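So the structure is just underneath, and the comments pick up after that.
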Amino acid sequence: MALDSAQTKLIVICGPTGSGKTGFAIRLARRFDGEIVGADSMQIYRMMDIGTAKPTPAEQAAAPHHMIDIVDPDEDFDAAAYAKMAADTIHEIGARGRPALVVGGTGFYIKALIHGLFEQGPSDPAVRRRLARQAQSSGTDALHRRLQKIDSTAAGRIHPNDTYRIIRALEVFAVTGEPLTVFQQRHGFREQRFNTLEIGLAWARPVLYDRINRRVDAMMAQGFLDEVRHLQARGYGRDLKSMQSLGYRHLAAVIRGDVMLADAVATLKRDHRRYAKRQLSWFGNRESVHWLSPDQTAPASEMIRAFLQDRLA
C-alpha cells in the first residue's frame, strides 16, 4: 500500500556550506535511530569526494546515508530526478519505522522534495545540440551574454562558465518564447508534500567565512588537486555540469596552466563565501526554518522529539 506523503514526517537540516550540517545531523540521527538523506547537488556524484565535502566513510558508517554516490560525473541528474528518488527513499525509511533526516545545502533540491515540481519546461534535443555547437564555436561567454539580454535574473544566478545551465535556460526560451525565470514563476511549486520540520544552522558571518577558508585549505591538503586530475584522466571534461562546479573548474584551470594555484585557491575561497551568502539568502526566505547554532543539539533534539510526538507548536 502506498504511503501518504502528507502524513510522512520529514526532518530537514539545512544551512550554508561549511556550517557543520553533517556532524550535527549524525548526532541527531544516532539519537533518534534515524537515517540521513543527502540534499547536495554535488555529493550525488561518484568519485567527487574531497571537493564536495562528502561525508567520510567513517561518518557514513556512524548513521545510514542515502542519496550520495548515485550517479557518475557525466550522467544527467536534476531536481526533479532528485525529488522522486529522495521521496521513494524517505518512504522506505518510514516503512522501517525510522525517521528520515534530509541534510544539505542545495535549497532547490530541498524545495523540490518538499513541494514537488511542475514540468520544468519543454525540451528539444535539436535546439540543445545547436546551442552546444554555438558554445563550442563562440564560447560559453557569448551564450551567457545572450542570456543576459533575454533573462537577466537567470543570467545573474548562473555562473558564466556553467554551460549546461546556460544552454538549458536558452533552450526553454527558444522552445516556449518566454524566459526561464518567467516560466518558473508561472509553473512554480506544488503544495507541501510532507509534514516537515526544518532546522537551519546559523553562524556569525565572520566565523562562517573563516570556517569556509579553513575548509578550502583542508581540501587542498587532502589532495583535491589530485582528485581533479584523476577525474580528467578518466575522461570527465570541462564541458560537464559536474566539472563546472565550485572547486573543480577552479583547479581544472590550474591544471591547464591558465592560473597559478595560489590565485585559484584564493578565488575558490571567495566563491565559496559568495555561495554561502546566496544559501543564507535562500534559506532565510523560508519562514518555516527554525534557526539554531550548531552547538544546540539538545534544543534540536527536544524540537524533533516534540515534532515526532505531534507536540511541536
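Glycine too: its Cβ is placed from the backbone N, Cα and C atoms.
TrEMBL labels come from automatic prediction, so no person has curated them.
The model shown is predicted, which means the values in this text are computed figures rather than measured ones.
Residues or ranges marked as ATP binding site by TrEMBL: G15, P16, T17, G18, S19, G20, K21, T22. When secondary structure is read from DSSP and collapsed to three states, G15 (ATP binding site) falls in the coil class. Sequence-distant contacts (6 or more apart, same chain, Cβ under 8 Å) of G15 (ATP binding site) comprise K21, G105, G200, L201, A202, Q279, F283.
Every protein chain shown contributes to the tally, and the Cβ of T17 (ATP binding site) ends up with 21 other Cβ atoms within 10 Å. Among the features that TrEMBL reports, substrate binding site is placed at T17, G18, S19, G20, K21, T22.
Within its own chain, the region 'Interaction with substrate tRNA' (40-43) has Cβ neighbours under 8 Å at 51-55, 67-69, 82, 104-106, 108-109, 242, 245-246, counting only residues six or more beyond its boundaries. TrEMBL lists 40-43 with the feature region 'Interaction with substrate tRNA'.
The annotation site 'Interaction with substrate tRNA' is assigned in TrEMBL to T106 (among others). The Cβ neighbour count for T106 (site 'Interaction with substrate tRNA'), using a 10 Å radius over every protein chain in view, is 21. Annotation note: T106 (site 'Interaction with substrate tRNA') sits in a coil segment as assigned by DSSP.
According to TrEMBL, the feature site 'Interaction with substrate tRNA' maps to R128 (among others). Other Cβ atoms within 10 Å of the Cβ of R128 (site 'Interaction with substrate tRNA') number 17 in total over all chains. R128 (site 'Interaction with substrate tRNA') carries a helical DSSP state (H, G or I).
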C-alpha spacing of T106 (site 'Interaction with substrate tRNA') relative to S19 (ATP binding site), in angstrom: 13
Among P16, G18, G20 [binding-site residues], residue with fewest other Cβ within 10 Å: G20
Secondary structure content of the region 'Interaction with substrate tRNA' (40-43), with strand meaning DSSP E or B: 0 helix, 0 strand, 4 coil
Inter-residue Cα distance where the pair is R128 (site 'Interaction with substrate tRNA') and P16 (ATP binding site), in Å: 32
